[in-house]
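In what follows, a structure is listed as structure tokens, so that the remarks can point back to it.
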Amino acid sequence: MLVRLDPMTAPAIRIAGLHKHYGDLHAVDGLDLEIPRGEVFALLGPNGAGKSTTVEILEGFRKRTSGEVEVLGLDPQRAPKSWRTRVGVMLQTTSSATALTARESVSYAASLYPDPRDVDETLEAVGLTEKANAKAATLSGGQQRRLDVALAIVGRPELVFLDEPTTGFDPEARRHFWTLIEAMRGDGTTIVLTTHYLDEADRLADRIGIIANGRLVALDTPVGLRRRAAAARISWVEDGEERVEETGAPTALLRELLARHPGEIEGLQVVHPSLEEVYLQLIDDASHEARAPEEATS
Amino acid sequence: MTATTAAPAPTWMSMARSRFVVEIREFVRSREQMVFIFAFPMMLLLLFGSVFGDQVISGDVTFAQYFLPGMIASGILNTGFQSLAMSIAIDRDEDILKRVYATPLPATAFFAAKIAQVIAVTVVQLAILIAIGVVLYDAQLPDGAEGWWIFTWVFLLGTAASTTLGIAMSSLLRNAKAGSAVVTPIVLILQFTSGVFLVYTQIPVFLQHFAAVFPLKWLAQGMRSVFLPESFEAAEASGSWQHPATAIVLALWVIVGLVLAVRTFRWTRHDDN
């Protein structure tokens, strides 16, 4: 049971025992999570892991099967419209089916909030100043996504959901977007983003949650996650043959190699696993675990 | 530190107004909508008027004069029902409704803006049709205060029935593409049986009974009662304009539409539960 807290000071998000079932499919299968105010939180996981379902439950679009959820101290399913002034939402899909210009869209959105950002400043922040008078339908995919970001933040929300915000961005647009998120973090905005890009999560997130088969399989800082892979990989060439060894004590192995080789060690490499490798390992373990009970009963 | 006083939240009225501006902009910038709502009925009126216009229906009422109130009635149905149902279905398909739901805009303000847009568009559309009717086909304007009063309540009840049914219909459409395939035949069948394209008294009685269940027949008859001479009343199927029955049937459809719209409306796509 979640203890009632003051909605103005409660953590940004509290989830306890969240389940969402579609028939036999358990899209979310017992999720617990708390995200404090001001954190940039990245939710990672393969397609179909339950990421978007979880986010859409938090955004109040979907009903949960069971469990408790609080977003800014209120249940999204029962929250009044005033709650919407505190939450910014950027959907996974972009819509170009509007005849409005970028500025008209942002200024309409601004008119719905008690204390909106300046429209031109918002367009500037997402790099759309030059496209302000262009119709949304004529913007490139990346520009439309940036317009979506502008619409999600113009109301000065305390919490912003960004669902796969940079899919389809070119590398430059992605860098630009990262700068924008870092500026918002500076303002104290809580940001929850889902992404497929590990470098993005690594760069932006204070904490990363990895979700697989509807469950949280890891919850840690990017540094902490990387540290989970104990082994480093040392590779070199000896007697014309490529040698690879994984070890939890790379320094010891290196000393030994140095002692054995008086001269240069050909092709020497010491590699620590990337966040990506840790991630793939976690997902892999989770899918084995999910399959194991089925095999036991068959 | 002094707490900054919270800025007053936008009122319901101001939010509805800014949504209305969005809806009007979307409409006037959509060429398809402009053609469908303004040019299409005008062309139909001119086409039927020049082909069958001189045929006398009863007394000195020509088909062109009979056709004008029918086109006014179907204009109300087209804008409120057909075009609104399709535009909401597209909004749902494109996640525009989902976006609206994610903002502080109250649902009632959203619908008020949609309906206000429908009314604004319908008024312009009817003004064009009436102007053509008066200039080319000798149609008479509603007679005095009483005529305009009848015109106004028939118009408002017809619009209310059409928009609530249009919103309900949008939820029945599985997707926007299915929209025109489902909605267009419904409207066409009603137009042929309700005294728009064909003279109501000249179609088989069982079709008259069929049409009398739906709003368009009553809407068209109500409009005839203000745009045709009093002498034509005797030529109606029942020999009367049936104003009380018109008000009752249209009001019942408003209630049916309202109940269906409220019970079936959804902000997200069908495959998106």
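Note that Cβ sites are derived from N, Cα and C of the backbone, with glycine treated the same way.
Database features, via TrEMBL:
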DOMAIN    B:32-268  domain 'ABC transmembrane type-2'
TRANSMEM  B:34-52  transmembrane segment
TRANSMEM  B:64-90  transmembrane segment
TRANSMEM  B:111-136  transmembrane segment
TRANSMEM  B:148-169  transmembrane segment
TRANSMEM  B:181-200  transmembrane segment
TRANSMEM  B:245-265  transmembrane segment
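The stretch from B:34-52, B:111-136, B:245-265 with the most CB pairs below 8 A to the transmembrane segment (B:64-90) is B:111-136. Residues 16-17, 19-20, 22-24, 27, 37-38, 41-42, 45-46, 49, 64-65, 68, 71-72, 75-76, 79-80, 83-84, 88, 155, 159, 162-163, 167, 227 of the same chain lie 6+ residues outside the transmembrane segment (B:111-136) yet bring a C-beta within less than 8 angstroms of a C-beta in it. Panel annotation: around the transmembrane segment (B:34-52), residues 27-28, 63-64, 67-68, 71, 74-75, 78-79, 83, 121, 124-125, 128-129, 132-133, 136-137, 197 of the same chain, lying at least six beyond its termini, place a Cβ under 8 Å from a Cβ of the stretch. Within its own chain, the transmembrane segment (B:148-169) has Cβ neighbours under 8 Å at 73, 76-77, 79-85, 88, 111, 114-115, 118-119, 122, 126, 142, 182-183, 215, 219, 222-223, 225-226, 243, 246-247, 250-251, 253-254, 256-258, 260-261, 264-265, counting only residues six or more beyond its boundaries.
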